[in-house]
Every structure is written in C-alpha cells, then in structure tokens.
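Enquirer: One structure, as structure tokens, below. Some questions next.
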Amino acid sequence: MKIILLGPPGAGKGTQAKSISRKYSIPHISTGDIFRQNISLSTELGKEAKKYIDKGQLVPDELTISIVKDRLLKDDCKKGFLLDGYPRTVKQAEALDGFLAEHGSRLNLALLIAVPREFILERMTGRRVCPSCGASYHIKFNPPQQEGICDVCGSTIIQREDDTPETVSNRLDIYDKQTQPLIDYYKDKNLLSVVDGTYSINNVFKQISERLDLIK
Ligand code: AP5
Ligand code: MG
C-alpha cells in the first residue's frame with residue numbers, strides 16, 4: 001500500500017494518518033513532523049526549514065524531495081507507506097513518481113480529505129499538540145481526558161507556532177496556488193479518491209477505510 005494524503009492545512013491529514021498507519025501497518029511519514037523534530041533539535045535542516053515554516057511558506061523543493069527520498073529508502077517502507085503533507089507541488093509529485101519508477105514501484109492511491117476553507121480556522125485555532133510525543137488534539141472536537149495534558153505521555157500540550165490566524169491564512173493561500181494543482185495531476189492518473197472531511201473524525205476514518213479496504 002503506497003498512499004499519499006492530500007488536503008488543506010487542518011483537513012485532518014495527521015489525525016487520520018495515525019489511525020491509517022495503525023490499522024494497515026504502514027509507516028506514517030509527515031514532512032511537517034520531520035521538519036518540526038529537526039527544529040526542536042536545532043539541526044541545520046531545522047534551522048533552514050524554520051525560516052519558511054514560521055511564515056507559512058513551503059520549504060524549497062530540492063530540500064524536501066531529498067529528505068523524502070532518504071526516508072523512503074528505509075526498510076520499513078518496503079511493504080508500503082503513507083505520506084502526509086508530501087507532495088505539495090507538482091515538482092515534488094514528479095520527483096516521487098520518478099523515484100518509485102526507478103525502484104519498480106508506483107503509487108496506489110492519492111486520498112484527498114476535502115474540507116472547505118470556512119471549517120479550517122476553528123480547527124487550527126483549537127488544535128493543541130504534544131511537544132514530547134507529537135500527539136494531536138482539539139479543544140472542542142478531540143479534547144484530551146485531562147485539560148491541557150497529553151493522554152499519551154502526560155506532557156503539557158501547546159499550540160503550534162504556525163497556527164496563528166495570519167500564518168494559517170498564508171498557508172491556505174499557498175495550498176490554493178501550489179498544492180491544489182495536484183488534485184488534477186492525480187485525477188489524470190486515475191489515482192484520486194476524495195473523502196468528505198467535514199464529518200466527525202470517526203466518520204472520516206470510516207470513509208477512508210472503505211476506500212483502502214478495496215486496495216488492501
Ligand atoms: P504540515 O505539518 O504538513 O501542516 P499542514 O499541511 O498545514 O497541515 P496540518 O498539520 O496543519 O493539518 P492536518 O491536515 O494534519 O490536520 P490535523 O489532523 O492536525 O506542514 C507544516 C509546514 O511544514 C508547512 O506549512 C510547510 O512550511 C512545511 N512543509 C511540510 N511539508 C512540506 C512539503 N512537502 N513541501 C514544502 N514544505 C513543507 O487536524 C487539525 C485540527 O483539527 C486538530 O486539532 C484535529 O484534532 C482537528 N480535526 C481533525 N479532523 C477533524 C474532524 N473530522 N472534525 C473536527 N476536527 C477535526
Ligand atoms: Mg498535520
């Protein structure tokens with residue numbers, strides 16, 4: 001199973017990816033998570049990525065493509081993978097196709113979680129994440145059992161630095177300009193499947209499972 005998850009910021013890619021990864025036993029690869037881990041460790045990659053992420057801009061293609069290629073070469077990706085937040089430009093999509101073809105492989109599905117813009121701001125401003133283990137919550141739609149505390153590891157949960165209304169607005173504009181064209185890119189290849197991301201987290205996962213069970 002080689003799948004990519006498409007959708008605007010706040011669509012629920014990370015939330016659904018965790019459940020998909022568990023159910024279908026494939027690694028969840030989020031470029032956003034890789035960049036954030038590097039930022040928290042103050043690596044050179046983290047310092048470079050932070051310049052763009054803080055403004056809601058995309059990290060340059062060359063850097064992002066090489067990170068994903070390195071990750072896909074790891075053993076755990078042999079049986080499949082789930083990419084969350086990659087590709088985000090046509091150049092990244094072409095690089096992924098080329099890389100998979102070189103390895104005698106190809107994508108099975110591009111899953112778009114469709115959520116209109118008017119839903120996004122409430123999701124982003126209510127999101128809380130755990131800085132220690134990466135678990136993600138929403139103060140209204142998916143609260144932790146104890147307010148402000150991560151269910152998984154007990155750390156204090158925080159807001160992501162790029163979840164301010166101004167940065168979210170930039171990220172949405174960039175999604176419209178640079179990432180939306182991928183919808184047609186994958187439609188033309190007959191790989192696109194769209195789920196309605198405006199329903200509850202459980203309902204969206206049910207829609208996704210129905211699609212994935214067909215290619216299992
Ligand atoms: P990234 O971390 O990928 O951010 P994003 O794409 O903007 O998406 P988010 O993580 O914000 O949203 P999500 O869809 O995962 O939603 P979530 O499940 O958390 O990227 C961050 C930055 O890194 C980019 O801006 C860019 O700078 C850089 N970057 C990353 N990849 C790159 C690439 N390929 N190329 C270049 N640069 C790159 O859900 C959001 C909230 O809603 C949560 O609180 C959740 O609990 C809640 N929620 C989820 N589903 C539902 C539901 N069905 N109903 C109600 N609430 C819900
Ligand atoms: Mg995410």
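The backbone N, Cα and C atoms fix where each Cβ goes, and this holds for glycine too.
The shown structure was predicted, so the numbers you read here are calculated from the model rather than taken from an experiment.
What TrEMBL shows for this protein is this:
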type: BINDING; residues: GLY10, ALA11, GLY12, LYS13, GLY14, THR15, ARG127, SER136, TYR137, TYR199; note: ATP binding site
type: BINDING; residues: THR31, ARG36, GLN57, LEU58, VAL59, GLY85, TYR86, PRO87, ARG88, GLN92, ARG160, ARG171; note: AMP binding site
type: BINDING; residues: CYS130, CYS133, CYS150, CYS153; note: Zn(2+) binding site
type: DOMAIN; residues: 127-162; note: domain 'Adenylate kinase active site lid'
type: REGION; residues: 30-59; note: region 'NMP'
type: REGION; residues: 126-163; note: region 'LID'
Enquirer: Counting only residues 6+ away from its ends, which parts of the chain sit with a Cβ under 8 Å from the domain 'Adenylate kinase active site lid' (127-162)?
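Expert: The answer is 10, 14-15, 18, 33, 36, 40, 53-54, 56, 168, 171, 200-201.
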Enquirer: What is the Cβ neighbour count of TYR137 (ATP binding site) at a 10 Å cut-off, with all protein chains included?
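Expert: Result for TYR137 (ATP binding site): 20 other Cβ atoms within 10 Å.
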Enquirer: Taking ligand 1 as the reference and 6 angstroms as the Cβ limit (strictly under), which binding-site residues among CYS133, CYS153, ARG160 are close?
Expert: none
Enquirer: Out of ARG88, ARG127, TYR137, CYS153, ARG160, which binding-site residues have CB atoms lying under 6 Å from ligand 2?
Expert: none
Enquirer: Determine which residues of this chain, when CYS130, CYS133, CYS150, CYS153 are set aside, have a Cβ within 8 Å of the centroid of the Zn(2+) site's Cβ atoms, and list them as they appear in the sequence.
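Expert: Apart from the listed residues, the neighbours are PRO131, SER132, GLY134, ALA135, ASP151, VAL152, GLY154, SER155, ILE157.
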Enquirer: I want to verify one value. Collapsing DSSP to three states, which class is ARG160 (AMP binding site)?
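Expert: DSSP assigns ARG160 (AMP binding site) to coil.
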Enquirer: Per residue, counting other C-beta atoms within 10 angstroms of the C-beta, which of the binding-site residues THR31, GLN57 reaches the highest number?
Expert: THR31
Enquirer: Tell me, by DSSP, whether TYR137 (ATP binding site) is helix, strand or coil?
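Expert: Its secondary structure by DSSP: strand.
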Enquirer: What three-state secondary structure does DSSP assign to THR31 (AMP binding site)?
Expert: helix
Enquirer: Roughly how many Å lie between the Cα atoms of TYR86 (AMP binding site) and ARG127 (ATP binding site), rounded to a whole value?
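Expert: ARG127 (ATP binding site) has its Cα 21 Å from the Cα of TYR86 (AMP binding site).
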Enquirer: Using a Cβ cut-off under 8 Å and a sequence separation of 6 or more, which residues in the same chain sit near CYS130 (Zn(2+) binding site)?
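Expert: Set apart from CYS130 (Zn(2+) binding site) by at least 6 residues yet with Cβ under 8 Å, we have SER136, TYR137, CYS150, VAL152, CYS153, SER155, ILE157, ILE158.
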Enquirer: Which one of the binding-site residues (VAL59, CYS133, CYS150, CYS153) has its C-beta surrounded by the most other C-beta atoms within 10 angstroms?
Expert: CYS150
